[in-house]
């Protein structure tokens with residue numbers, strides 16, 4: 001038993017603490033009993049709280065910073081990098097578009113080096129769209145998200161799928177009827193058209209620096225394909241000597257179809273951005289495109305081309321390219337969702353520069369002054385876009 005007393009002498013305070021043993025407590029039992037009868041407690045025993053400073057255990061929850069450190073150590077470096085790229089940086093939009101362009105470049109390298117069987121373009125598109133639908137469905141199911149997204153952006157998703165498939169179909173028609181270099185140059189007008197359409201449809205600001213970056217990259221494309229354009233143009237004139245009017249009109253018609261592909265592709269970029277922002281999930285835009293494009297491409301394959309049954313090696317390559325195509329489209333949609341179209345569109349030109357540099361390094365393409373200057377212009381333009389950084393929140 002403990003007792004405490006306090007004395008105050010002048011300005012000094014003295015506190016005494018007396019500890020009594022069990023025998024002394026028993027000797028004073030009678031006085032303690034009488035004292036307890038005189039003092040009525042404020043709370044009865046049943047009303048007293050069953051908690052005191054000793055019974056309260058310390059919280060097992062760790063400080064926030066410590067929890068974050070532990071969770072980060074439990075995540076693998078690859079997962080940390082993926083999370084950082086997806087939404088962990090203000091540069092995530094630009095980085096996603098860069099990785100998308102690099103993925104398309106890897107697809108081009110695989111297609112050039114591992115070709116085993118000649119597969120029609122529509123059949124190839126059908127295979128890739130089918131793989132895209134399957135992977136998009138698995139992604140959304142594992143994420144616990146609705147398959148078709150929210151209700152309000154479904155009109156945007158339908159338009160995105162329709163316009164995107166028209167762009168794909170017209171590009172396939174164009175690339176089969178005009179020289180490859182001309183088709184590639186026409187396809188790279190899509191970023192420019194997308195920036196213009198974003199200014200009209202989405203009311204995005206288009207700055208002088210962004211216009212200059214797009215112009216610099218497109219001029220670099222002309223430097224890269226200048227020799228191929230002039231050579232193929234000369235060959236085309238020699239072939240058309242007998243029937244120049246008919247062949248010339250067919251060539252012009254294919255070029256117009258290619259321009260239509262670029263315009264519809266630019267509009268599709270705007271629809272992807274709008275739908276991804278409304279649904280808050282870019283994979284939904286990829287799934288909506290695949291749902292329409294896969295059966296449509298299959299029908300066109302059997303209607304306009306002869307179906308070729310691929311072998312095991314060709315089928316494996318088609319599946320691998322389909323997986324890469326899915327990743328590239330998801331990264332593209334994410335980049336459009338997070339960043340201004342005029343900024344991320346300029347990053348797409350890096351695919352052409354990487355393709356030329358790879359061809360030169362592997363001796364598949366003869367090095368020339370025009371190619372090197374074109375690659376340099378594109379790299380400078382993309383580097384300036386990355387250096388200027390993402391769109392500010394106040395814009």
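Cβ from N, Cα, C; glycine included.
Summarising the annotation, TrEMBL assigns domain 'EamA' to 92-225.
Here TrEMBL flags 81-107 (among others) as transmembrane segment. Residues 75, 321, 324-325, 327-329, 331-332, 334-339, 343-344, 347-348, 350-351, 354-355, 358, 385-386, 389-390 of the same chain lie 6 or more positions beyond the ends of the transmembrane segment (81-107) yet place their CB under 8 Å from a CB of it.
Within the chain carrying the transmembrane segment (119-140), a Cβ under 8 angstroms from the stretch's Cβ atoms is held by residues 146-147, 168, 172, 175-176, 281, 283-284, 286-287, 289-291, 293-294, 297-298, 300-301, 304-308, 310, 314, 318-319, 321-323, 325-326, 329-330, all 6 or more beyond its ends. The feature transmembrane segment is assigned by TrEMBL to 119-140 (among others).
Positions annotated as transmembrane segment by TrEMBL: 161-178 (among others).
Here TrEMBL flags 184-202 (among others) as transmembrane segment. Through the fold, the transmembrane segment (184-202) approaches residues 171, 174, 210-211, 214, 217-218, 221-222, 225, 229, 255, 258-259, 261-263, 265-267, 269-270, 273-274, 340-342, 345-346, 348-349, 352 of its own chain, all at least 6 residues removed from its boundaries and within a Cβ separation under 8 Å.
Long-range contacts of the transmembrane segment (211-230) within the same chain, counting only residues at least 6 positions beyond its ends with a Cβ under 8 Å from a Cβ of the stretch, are 179, 181-182, 184-185, 188-189, 191-192, 195, 342, 345-346, 349, 352-353, 356, 368, 370-371, 373-378, 380-382, 384-385. Under the heading transmembrane segment, TrEMBL lists 211-230 (among others).
The annotation transmembrane segment is assigned in TrEMBL to 250-272 (among others). With a cut-off of 8 Å between Cβ atoms, the residues of this chain six or more beyond the transmembrane segment (250-272) that come close are 156, 159-160, 163-164, 166-168, 170-171, 173-174, 177-178, 182-183, 186-187, 189-198, 201-202, 236, 282, 285, 332-333, 336-337, 341, 345.
The transmembrane segment annotation in TrEMBL covers 284-304 (among others).
Residues annotated as transmembrane segment in TrEMBL: 310-333 (among others).
According to TrEMBL, the feature transmembrane segment maps to 369-389 (among others).
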Beyond the flanks of the transmembrane segment (310-333) by at least 6 residues, Cβ under 8 Å: 96-97, 99-100, 103-104, 106-107, 110-111, 114, 116-117, 119, 124, 127-128, 130-132, 135-136, 139, 272, 276, 282-283, 285-286, 289
Same-chain residues at least 6 beyond the ends of the transmembrane segment (369-389) whose Cβ lies under 8 Å from its Cβ atoms: 90-91, 94, 98, 209-210, 213-214, 216-217, 219-227, 343, 346-347, 349-350, 352-353, 356-357, 360
Non-local residues, at least 6 beyond the ends, that sit with Cβ under 8 Å of the transmembrane segment (161-178): 121-122, 125, 186-187, 250-251, 254-255, 257-258, 260-262, 264-265, 267-268, 271-272, 288-289, 291-293, 296-297, 300
